[in-house]
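According to TrEMBL, the features are:
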TRANSMEM  B:12-37  transmembrane segment
TRANSMEM  B:43-64  transmembrane segment
TRANSMEM  B:96-117  transmembrane segment
TRANSMEM  B:123-150  transmembrane segment
TRANSMEM  B:157-178  transmembrane segment
TRANSMEM  B:190-213  transmembrane segment
């Protein structure tokens, strides 16, 4: 019994089928509780007014946009080293989800920036590096869909993901150097000095948990779909109908 | 290795189209800019370093899909891959040939085109230096992209989507060196970063390109 047994697609589908309802329900509950709590039962901020509530979508989405790429990086490394197909498919399944989170973070950021900074968009390091991250997601997905052979596509995208990670990091520091920005620093850290006030902090934490669970559920679901799609393609190929 | 380099250079010069095309494109882009933003000298001299960098980057991008495409079509890429030379070396030579045929002419032409954009006199040297230091990185990164998309039909568009985000750090530091140089500010920090990116990509990316090429030739 080791973790590698779950690289068996049948086992993966059976296990995730058992977990998936629980994760989905937990995600819905967390998101529901967090968002309702955040939007209806917290006071307005004394400086930002009601717009502070965008934080419940903006921060978790931004967090997951980066974490999705890190998860794809880990899955790509596992594919390169141990060549487990489920891992490659999980990386493929995560990319559109990560791209969506990036768009949500950018859009809510724009909605928040308009009343606060008086502008929808600024060439600020954080904003710019998110835009570049979005471009990386686009390239990654484009490469996946451009290549016919699944294994070749998995190999190539894995290496692209590796190289892209290095360059994403480099771009982050490059844009920091290029322009000092408007965006505030991290509002969540483990030492309590910089944190947002407790009233906002607890519902935000619930929302983040909800987004993490949502991401896990979606990745499971999409990976299952990828496995089944590949199976049905194999069946069709066996019948000589592709 | 030298034979391969000479072969690539000869092909680029004789096969037509590839060699002068990037340069001509660079010229046309630079000439079009004043029509787009207006011929105001102050504005032009302020944006000149950035425009020259963007133009050079686009001209470089234009010729990337030629790096492997022709060799792929006539099968000589398979021969090269089975040659005693390691694939990493072949990839490096290919990048070098691309730089000599595309990057180097751009570097040399940039100060001349700077005249059209009324670049301040102090900027000529720094535009030259930043491009000379930055274009090798563009070639090496582009070779990686070309290796990724080598077997694909209509890979050119995909190539630009893949490569342009990777160009971001090089562009930022390169344009920053040129801009600061033109305004007479200290250039040391971005210059060192640019050199770091160039040498770093030169040292590491050929391995990634060779790995990708091996997968594509499988």
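Every residue gets a Cβ built from N, Cα and C, even glycine.
Fewer than three CB pairs closer than 8 A are found between the transmembrane segment (B:190-213) and the transmembrane segment (B:96-117), and contact between the two stretches is not assigned (pairs 6 or more residues apart).
In terms of C-beta pairs under 8 Å, the stretch of B:43-64, B:96-117, B:157-178 lying closest in packing to the transmembrane segment (B:123-150) is B:157-178. Among residues of the same chain six or more beyond the transmembrane segment (B:157-178), those with a C-beta under 8 A of the stretch's C-beta atoms are 49-50, 52-54, 57, 61, 64-65, 123, 126-127, 129-131, 133-134, 137-138, 141-142, 144-146, 148-149, 187, 190-191, 193-194, 197-198.
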